[in-house]
Structures are given as C-alpha cells and as structure tokens.
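One structure is given below, encoded as structure tokens.
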C-alpha cells in the first residue's frame, strides 16, 4: 500500500523530469477508458440505484391509493383465439395484482410520506461527510448503498403494517441514502484533476436523472401489470447487486488503486499537487460561518433542491391528475424530462470544462453563468405550465425543457464547494446536503398542502412558490459567489472550534 511519502515522491519525480505535459497528453488520449472515468461510471450506477429508490414511491403511490384501475388488456384482435399460455399469463397477472393492496391516504398524508425520506436526512450529512473525508468514502458509501437497498425490499411490508412504520423506515432509508450522496464527493478530492472536475462529477451525478428516468419508465408498467410492490423488490435488488461492484473496484486514492496505469496516476497526483486537499480533524467553524461565498452556495443548494424535490415527488402525480394519464402512460411521460436531464448534465459538465481549459471564461464566470441559466429559464417555464395544461404536447415539452436546462446548475453552484475549499470537501458536502434535505422535507409537504386546498389553482401556487424560492437563491449567489480557494481553507493557522 502506498503512503503519503510515496505520493510526494511521485510528484517530485514528475516535477523534476518535466513530464507533466506528457502525462496530461497521455491521459487525454485515454478519454473515457481511464480509471477515473470508470470510477465516475461506477458512481453513476450507485447514484442510479439510490435515485430509483428515492423515486419508486413517487411512481407507486398513485397505485397504492387507487385500486379502481382495470387491468390492461392485450391489443390482440378479437378474432384471434386465446391460447392456454395467454390465459395462464392473464390469471398470473390477476394473482399478482390481488397481492397489491390499496390504502386510504389523503393528499396531506401522501405529502408527509413522500417528505419522510428527508425528515431524518439532515442529521446524517455532516457526520457522513466528515467521516468520509477523514477515513475515506469507500466504506461509508458502500454501507449506505447496502442499507438503503435492503430496506427498499421491506417497504411493501411496512406500508401494510401502517403509515407510522412506513414513515420510520423511510426516515432510516433517507439517512442511509445521505451516506451515499454525501460521502462520494470525498473521492473526487483525490481523483478529479481540476480541468476535469465538472465532467467527472456530472457523469457520476447524471445517475440521479438516469435512475429517475428508468424507474418512471418501467414503474408505471410494473404497477399496472404485476403490482406496485414489485417496484420496490426489483430496484431494491438492483441496489444490493451494485454493492458487489462497489467494494472490490473502488479505492479512495489513485495511489492505492491496483489497476491504474503509472501515467494516469502521475497525471492525477501532479494535477492536484498545487492545491492542499489533505483533510484535517479540526474545522474552521467561525471562519465558515462568516464566509459569504459559502453561504451563497448553501442558499443555492436549499433553493435549487426545493424545486428539484417538488418536481421529483410530484411529476407522476401531476401528469396523472392534470393530463388524466393512466399509470403506465404516466410513468413513461414522467420519465422523459429525466432522461433528457441526464444527457444535459453530462453535456453541461463537458462544456464547462471546455470553456475553462480553453480559457474562454474564468471559473467564477462559468459557475455563475451556468447557475443563472439553470435557474431562470426553468422558473419561467414552470410558472407557465398552468396556462398550457389544455395541451398535452406543450405540457410535456415544458417539463422536458425545464429538466434539461436546470441540469446546468450541476456545473454551477452545486459543484462550487469543490472550488472554494477542497480540503473540507466531505464536511461541506454534508453541510450542503443538510440544506438540500431541509428543502426536501418542506417542499413536497407544502406542495401537498396547496394541492389539497385548491385543486384548480394549487399547482399554479406550487410552481409560483418554487420559482420565487429559486430566483431568490440565484440573486444571492450572483452577488456573493466566488470560485477561488478561501483563506480559511488554505491554512490551519487560526483557532478552530
């Protein structure tokens, strides 16, 4: 196993021999075949699993509270004789659906259940990020992925036992998911060269949109055919399978990775040699509290995730109720914004790194520009949704555009904490997740309240409130956002709390 002196020796060798440019060119040719890009793809798969587990209740809850929808009929001609196998399959589907009970949950109760995933989540990010930053993210992320996936398998039993048990299980599951979403950023401190930071983090982060797309695409079909419990069984099982990839293939540091090439290892170590990424036990709490650039990122997280959690929780319900789509079509239509968002997240990261590497724009300009685009246009689009609800095609176009453009925030304010304080990445990501989950705990509950109070104008009020919150965060970030390493993140020469 390599140690700290080994890393310094590697850096010294490259600096003395002047081989950094050669290593950069070599690794640039590797492209997506490099180990660091493979790591991004594995993290993408983990995020995929976590977000399928976050979204599965959103697509299943219309079926959980409605047992009146008739089973889907085959499209075969009436003249075609039915075979024994078809009769057997139809009987099997009926048996599956009979095992899927329905519950009498009001819109307020549904909002609480959907929000419960975030009720305890704000307790875990800071400890998870701090521990991952000090000891490494491999076991923190792996444990969170396994716990969340395992608990997903028991959601149908918990729902059958009562709302209280379901809420408790979702709270524990939310804490486990925070371990994954928070801890993974500590990996990029030692794996992501500055000029590739946006693309690597967005490749990994695109798993969130991909997971949402897949669960919405097939979730409605599963609910309408074999019953809503299988949404949880299937995606919980996929998450457990992902753990088998995570533990043997992931390492916290490229120096310790057994399969990485010497050239790529040298390139990564040298590209990060100029910035102090070594974590410390003590934290400059007072300086952090006084840091307006940090507060700009914190407020942006709260505001942008307010809209994100509202859309993630209520897109299937909106399409089901406003467009009067059945469960299967609702899932397919709900999936469209997320698959487009997944693609645009990756493209946005590549564009941000291109603008930075070619020195077309400064880093802070890129962060603010991408954030402004990702906030203003989706806010205007969503506020306009109630006025185009009579047109199904326009409604879906607006939802897709909103998701696509909002993905630019992933290369803006949402990754800015890596720029201002790489030394404290794990802790800061945990702190940011606290603000994100507070927004996630409030926004679906508030949306459920508005919708239950006024079915006609409730959705309009939900979108207006989300746009107002989002734009307020943007204004604060544009004024106080910075992209240079802050003084409190450079040296530990002051008093810590």
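Going from the start of the chain as shown, residues are counted 1 onward.
Glycine is treated like the rest: Cβ placed from N, Cα and C.
Database features (TrEMBL):
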- 39-485: domain 'Major facilitator superfamily (MFS) profile' (DOMAIN)
- 139-159: transmembrane segment (TRANSMEM)
- 165-188: transmembrane segment (TRANSMEM)
- 200-222: transmembrane segment (TRANSMEM)
- 228-251: transmembrane segment (TRANSMEM)
- 292-312: transmembrane segment (TRANSMEM)
- 332-357: transmembrane segment (TRANSMEM)
- 369-388: transmembrane segment (TRANSMEM)
- 394-418: transmembrane segment (TRANSMEM)
- 430-451: transmembrane segment (TRANSMEM)
- 457-480: transmembrane segment (TRANSMEM)
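Across the domain 'Major facilitator superfamily (MFS) profile' (39-485), mean pLDDT in this model comes to 82.
Sequence-distant contacts of the transmembrane segment (165-188) (same chain, at least 6 residues past either end, Cβ-Cβ under 8 Å): 39, 43, 46-47, 50, 53-54, 57, 112-113, 116-121, 123-125, 128-129, 131-133, 136-137, 140-141, 143-145, 147-148, 151-152, 154-155, 158-159, 197, 200-201, 204, 250, 252, 279, 418, 425-426, 429-430, 433, 437. For the transmembrane segment (332-357), the list of distant contacts is 59, 195-203, 205-207, 209-210, 212-214, 216-217, 220-221, 311, 315-316, 319, 323, 325, 363, 366, 370, 396, 399-400, 402-408, 410-411: same-chain residues at least six beyond its ends, Cβ to Cβ under 8 Å. Listed stretches 292-312, 369-388, 394-418, 430-451 were compared with the transmembrane segment (457-480); the greatest number of C-beta pairs under 8 angstroms is found for 292-312. Stretch with the most C-beta contacts under 8 angstroms to the transmembrane segment (369-388), considering only 139-159, 228-251, 292-312, 394-418: 394-418. Under 8 Å from some Cβ of the transmembrane segment (228-251) lie the Cβ atoms of residues 39, 42, 45-46, 49-50, 52-53, 56, 59-60, 63-64, 96, 99-100, 138, 141-142, 145-146, 148-153, 155-156, 187, 215, 219, 222, 257-258, all in the same chain and six or more residues away from its ends. Tertiary neighbourhood of the transmembrane segment (292-312): same-chain residues 54-55, 58, 118, 212, 337, 371, 374-375, 378-379, 382, 402-403, 406, 409, 413-414, 416-417, 420-421, 428, 431-433, 435-440, 442-444, 447, 462, 466-467, 469-470, 472-474, 476-477, 479-482, 486, selected by CB-CB distance under 8 Å and a gap of 6+ residues from either end. Here the transmembrane segment (200-222) has long-range neighbours at 36-37, 39-41, 43-52, 54-56, 59-60, 184-185, 188, 191-192, 228, 230-231, 234-235, 312, 315-316, 326-332, 334-336, 338-339, 341-343, 345-346, 348-350, 403, 407, 410-411, 415, 418, meaning same-chain residues at least 6 beyond its ends whose C-beta is under 8 angstroms from one of its own.
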